[in-house]
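*Asks:* So that we are looking at the same thing, I have put the structure below in structure tokens.
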Amino acid sequence: MANVVVVGAQWGDEGKGKIVDWLAEQADVVVRFQGGHNAGHTLVIDGVTYKLSLLPSGVVRGGTLSVIGNGVVVDPWHLVDEIARIGTQGVSITPETLRIADNATLILPLHRELDHFRETANATLKIGTTKRGIGPAYEDKVGRRAIRVVDLADEALLGAKIERLLAHHNALRRGLGIEEVDGAALKAELLAIAPKILPYADTVWVLLDEARRGGQRILFEGAQGALLDVDHGTYPYVTSSNIVAAQAATGSGLGPSAIGYVLGIVKAYTTRVGEGPFPTELTDAIGEKIGERGREFGVVTGRKRRCGWFDAALVRQTVRTSGIDGIALTKLDILDGFETIKICTGYRLDGRLIDHLPASQADQARVEPVYETIDGWFETTAGARSWAELPAQAIKYVRRIEELIGATVALLSTSPERDDTILVHNPFED
């Protein structure tokens, strides 16, 4: 029996929600280990759609413990709102079903304000953030001045920590011409929200270690995609945390040996939200068609996603940097009806053929995709639950992807419904 880490293998929005829900039904514990409420995921269960952004997917499954790990930055006000919103759909979240790492960093109003100011102040330098304060909160964490969940329980220490935090932020705000933050007001806001957060606080690394030693199945749920990883992504057009599978250990407090099977979620084509390089982007009618069919709009922001052909070179990179054992291929049905389909196998840079995306921002902007064209299929793949139901050309497309990325398909998703899934290998049985 293996614990399972789920990571997006592209730029996010790969369809992790459905796959995580499918796995969560078999898990005892589901853990979020990085990011914040900047990346949404959609679950469709018994015809009911749940949209989550901070809460782990396990919250909609009875009998599953959900955990927000220390690698996550937590907006306490958003968390309270999300718990209430999910509650209106009949999902009861209590301290018995949700635990939050007491050493997790908090996102504060000043982080959201700074994020918004930076992103709108200079259009030529914008990264394409969600303006939700994620980056500035991580900056404070690394700068050792962050307010953490545990600090909400100590009013005296909280005041001292706010004073230290504002020594930095108010100096910065003066330089930017932004009104300074009043420490007393911020403290009052935090003390008001504290009773709604502290009941969920726990020493999560101990809880998870006990679960592991007790033989419980742990599912580590990644947010976004590995190509947005702060080290291994298309820097600087990335998020502010590590997303690759190794972060599951760091962001939860468990050792690397606790990570078992790494499942990469891969869309049958490529999408990206916001700024940054996108070698296979389609700005023509084909790109529009893929976007319309796939309903490619962000769960959190509603922003339209950029669409393009499948980039095997990029996914191959992620397979290596995350140690992916197998993939879940999603949205194959969106490609139904295309006469021909292209797959990017590598790039041309200044006349040279290369098999990976270079780290240089300038080089990333100049690479030209090298395509392989295969015949499409006109039969539907939507709702297929076995290989026998798939058109021969669709199977050929899947097999070619496996060859190019160096990883096999463990699951194949053919619609948003959880049961429309072809199981090749159950990651928990590795």
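Backbone N, Cα and C atoms are what each Cβ position is placed from, and that goes for glycine too.
Okay, these came from Swiss-Prot:
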- 12-18, 40-42, Arg305, 331-333, 413-415: GTP binding site (BINDING)
- Asp13: active site, proton acceptor (ACT_SITE)
- Asp13, Gly40: Mg(2+) binding site (BINDING)
- Asp13, Glu14, Gly15, Lys16, Asn38, Ala39, Gly40, His41, Thr130, Arg144, Gln224, Thr239, Arg303: IMP binding site (BINDING)
- His41: active site, proton donor (ACT_SITE)
*Asks:* Of Asp13, Lys18, Gln224, Arg303, Leu332, Thr414, which recorded positions come within 10 Å of Gly40 (Mg(2+) binding site), going by C-alpha to C-alpha distance?
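*Replies:* Asp13, Gln224, listed in sequence order.
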*Asks:* Using a 10 Å cut-off on CB atoms, tell me which of the binding-site residues Thr42, Thr414 is the least crowded.
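*Replies:* So among Thr42, Thr414, the binding-site residues given, the one with the fewest Cβ atoms within 10 Å is Thr42.
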*Asks:* Translate the DSSP assignment of Thr42 (GTP binding site) into the three-state scheme.
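*Replies:* For Thr42 (GTP binding site) - judged by DSSP and reduced to three states - the answer is strand.
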*Asks:* Fill in the CA-CA distance, Leu332 (GTP binding site) to Asn38 (IMP binding site), as an integer in Å.
*Replies:* 26
*Asks:* Restricting the comparison to the recorded positions Asn38, His41, Thr130, Gln224, Arg303, which residue's C-alpha is spatially nearest the C-alpha of Gly12 (GTP binding site)?
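*Replies:* Closest candidate to Gly12 (GTP binding site), judged by Cα separation, is Gln224.
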*Asks:* If I take the Cα of Arg303 (IMP binding site) as reference, which of the recorded positions Asp13, Gly15, His41 has the closest Cα?
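*Replies:* Closest by Cα distance to Arg303 (IMP binding site) among the recorded positions Asp13, Gly15, His41: Asp13.
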*Asks:* Taking each of the recorded positions Lys18, His41, Arg303 in turn and counting other Cβ atoms within 10 Å of its Cβ, which one has the fewest?
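*Replies:* Relative to the other recorded positions in Lys18, His41, Arg303, Arg303 has the fewest Cβ atoms within 10 Å.
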*Asks:* Give the three-state DSSP assignment (helix, strand or coil) for the residue listed as 'active site, proton acceptor'.
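*Replies:* The residue listed as 'active site, proton acceptor' sits in coil per DSSP, no helix or strand.
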*Asks:* Using a 10 Å radius around its CB, how many other CB atoms surround Thr130 (IMP binding site)?
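*Replies:* Other Cβ atoms found within 10 Å: 24.
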*Asks:* Which three-state DSSP class does Gln224 (IMP binding site) fall into?
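*Replies:* Looking at the DSSP assignment, Gln224 (IMP binding site) belongs to neither helix nor strand, so coil.
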